[in-house]
Amino acid sequence: MTEVKKGRVVDDAPVNDAPENDAAEVTSPARHDAIPEEARQRAAQLRADLERHNRLYYELDTPEISDAEYDVLYRELVGLERRWPALRDEASPTQRVGGEVLEGLEKQAHTLRMYSLDNAFSRDEWGAFMQRMYNALPDAPSAFWCDPKMDGLALEVIYENGVFTSALTRGNGEVGEVVTAAMRTVRNLPLALRGDDVPRRIEVRGEVVIAKADFEQLNARQSAAGGKLFANPRNAAAGSVRQLDTTVTAGRPLQFLAYGVGQVVLEGGTAPWTTHSGLMARLREWGFDTPPEGRLCASPDEVWAYYEALGARRESLAIEIDGVVAKLDDTEAQEALGFTARAPRWALALKFPAMQARTRLDDIRVQVGRTGVLTPVAILEPVRVGGVEVSRATLHNEDEIRAKGLMLGDMVLVQRAGDVIPEVVRPLVEERTGDERPFVFPENCPECDSPVVRPQGEVAHRCVNVMCPAVRRQSIIHFVSKAGLDVRGVGERWVQQLVDGGHVTSPVGLFSLTKLDLMRFERMGPTSAANFVTALDAARTGATLVRLICALGIRHVGEQTARTLAANFTDLDALREADAETLQQLPDIGPEVAGSIRTFFANEGNLELLERLRAIGLWPKRQDAPPAPEGADAIVRPLQGLKVLFTGSLTRVGRTEAEDMARAAGANIASSVTKSLDLLVVGGKPGSKLEKARKLGIRVMEEADFFAMLESAEMPAEGSDAAEVPAPSVEDVDAKEVPSRDVAHVRIVHDGTASDPGGDSRSVAEDAPARSTEGDAVSTAEGEDVPRGRAEQLKLF
């Protein structure tokens, strides 16, 4: 359903935080204070952490933290950006939907971007949302369409002349994975729409789910066949749709539940609905199943009553849900309210409290990570929480164990907020028998028996033995993991087996393995061994500097910091020579991060590893940018500090590669056309972004001139001969090619005229005014007044 998945940001700006474009309503005497360095560093670290957890959750289906922990990190970042607005960045998880599309399936752009909803966790937050809505639109109607917030895989199915033609996963909101063949096997998905009034083209958005009873049967079949059990229905649904072998998908009990539409192209006439409830009725007439329990609520109080009633019955429902989605039913009011940069101002996800269960804390085991951090893990008597069997939960550190007062043998309360990773909430002290025992944190590493230390100011205990087998094992696993070099086809279990067996003692050792070496292992046949070696060789020759820096596992250096370093230094030699002062001149790098980088390169063992990597040819250079001078000059780039945006079809390279080249030249990549944009680079059929940039007086550069500028490392002066692109007329662009609009996620097109219909809140489009009636002006999502005029396309929700 909506992209508000289990409290993940991309989707979940807390409702009591003002939306981006309402920032002026929030006043604080300290808004313009100088930003302390520690605040800048903390914001950068939070962004990196949130982006990583977004990727683990949305793309890899392997979350490492609970929703509650994620929400704490997210709200902390929101608070920092509110306290110091200059910290706010368009690439921040608080400003955009996160996540990148996985490799392995064909990728395709959504006609209209799929956005998300803000959320609320209490009645006060629901009331604050309503107050903001009525402040913005005093005469807003009070009826809301409400339905359950399902926990599945969001995607879009497309119909041409009533016939199913394609399907895309949500992906990163702009580009999804093509899963047409898999979706054809979903039994309740109509392959042809019913009725005579079907649109010429329609994009229907919804959620793929597996019912609880079907999930239990699926896992029973998996167990009987000796297969891997699924953690929860969401993971099973997501994995089933992404199968390349559609016979596997066909054997899975998937359902598609429609909740809204994207682009709608009509032959003529007027829009077929003017409310969201009307849209839902029309979807059912066309043959779609819609979320169960959906209903129209006449007032905000009725919405809350619906939320409480549904929450009380959630365990008895056929599918897993974790909240309620409430949307203003009237589409004209929706358009008047508009959007922030991330979400509609007229819709909200009301989240249920975490589900809880009682169980016994049997033991606490301590694990050692790749940086030597000792992490205590609760070993629980297995218990079902939210449809999933829970037997382990991280306790993070010794301080948390003490703060919660946990003892071995305690009965404890465990919760799982729709996530895979559970949390021990508290001990049930009233049930203690006297047989419980205190837990003593080990003074020696459980893997190598070396003394552990707790550095001053830190909560973590660390094993400082660089030869610790656990540290070595986890470091090598990290090196080839998706968070490191991202070696496809080399699984963690194989790496662990190779390390534990003494066959590999460093990351370099993996690259020296031969097919014959690997075939000595049980279940490693000729084909698997060949694929293993091929994958490693492809990673070695195709590695980027960003991925290698990530793979090294330098403390405090996540992917965002790695991108910054890779954009400003030619290779690891140049980075090694940079002193702390030079490093701190780079964005988001403060004394702590700079010190960590210098410490890494001062270690003899690390330097030996780097030389061995160089010897096997794993030594990438910075891509598509001139060599970096030494010292402080290393941060000077032709696009240094400029905000750049690409639009239209690029012919020389793909969009992602072009953005990487711009970053390497010092640019920050923007997500939309705003007054703060410095440069718009246009390819073929640029559409409305070009028109908007011209209105705002933003510099425009053709694709060829942009790449010529990068190659010469010289930024053309203002008013130079860089040609601008003529603006296309409406007649030159068909309904599929006209870019999406800021205030809408549904576009209805018929015979060059527009009508005034409705749609769904879970997706928003880019780059156009909110409404299109003659005569007056309207505010865009960026807060600018744009004259109203004849609409070539109409927006629905």
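Yeah, the Cβs are placed from backbone N, Cα and C, and that goes for glycine too.
The compositional bias 'Basic and acidic residues' annotation in Swiss-Prot covers 1-11, 733-750, 785-797. If you look up Swiss-Prot, you'll see 1-32, 715-797 marked as region 'Disordered'. Per Swiss-Prot, the feature NAD(+) binding site maps to Asp67, Ala68, Glu69, Tyr70, Asp71, Ser116, Leu117, Asp147, Arg170, Glu207, Lys327, Lys351; the stated evidence is sequence analysis. The feature active site, N6-AMP-lysine intermediate is assigned by Swiss-Prot to Lys149, with sequence analysis given as support. Residues annotated as Zn(2+) binding site in Swiss-Prot, with sequence analysis given as evidence: Cys445, Cys448, Cys463, Cys468. Feature annotation from Swiss-Prot assigns domain 'BRCT' to 634-723; the stated evidence is sequence analysis.
Same-chain residues with CB within 8 A of the center of the Cys445, Cys448, Cys463, Cys468 CB atoms, the Zn(2+) site residues themselves not counted, are Val368, Gly372, Pro446, Glu447, Asp449, Ser450, Val452, Val464, Asn465, Pro469, Ala470, Val471. Nearest in space to Lys327 (NAD(+) binding site), taking C-alpha to C-alpha distance over the binding-site residues Cys448, Cys463, Cys468, is Cys463. Note: Cys445 (Zn(2+) binding site) has non-local neighbours Val368, Leu374, Pro451, Val452, Cys463, Asn465, Cys468, Ala470, i.e. same-chain residues 6+ apart with C-beta under 8 A of its own C-beta.
In this view, the densest Cβ surroundings among the binding-site residues Leu117, Cys448, Cys468 belong to Leu117, judged by other Cβ atoms lying within 10 Å.
Here the C-alpha separation of Lys149 (active site, N6-AMP-lysine intermediate) and Leu117 (NAD(+) binding site) works out to 11 Å. Neighbour density for Asp71 (NAD(+) binding site): within 10 A of its CB lie 20 other CB atoms from the protein chains shown.
Distance between Cα atoms for Glu69 (NAD(+) binding site) and Cys448 (Zn(2+) binding site): 31 Å, as a whole number.
For the domain 'BRCT' (634-723), the model gives a mean pLDDT of 71. Using a 10 Å Cβ-Cβ cutoff, Glu69 (NAD(+) binding site) registers 19 neighbours.
For Lys327 (NAD(+) binding site), the Cβ neighbour count at a 10 Å cut-off comes to 29, with all displayed protein chains included. Following the DSSP three-state reduction, the secondary structure of Lys149 (active site, N6-AMP-lysine intermediate) is strand. Each residue contributes its Cα atom, and for Arg170 (NAD(+) binding site) and Cys448 (Zn(2+) binding site) these two points are 45 Å apart.
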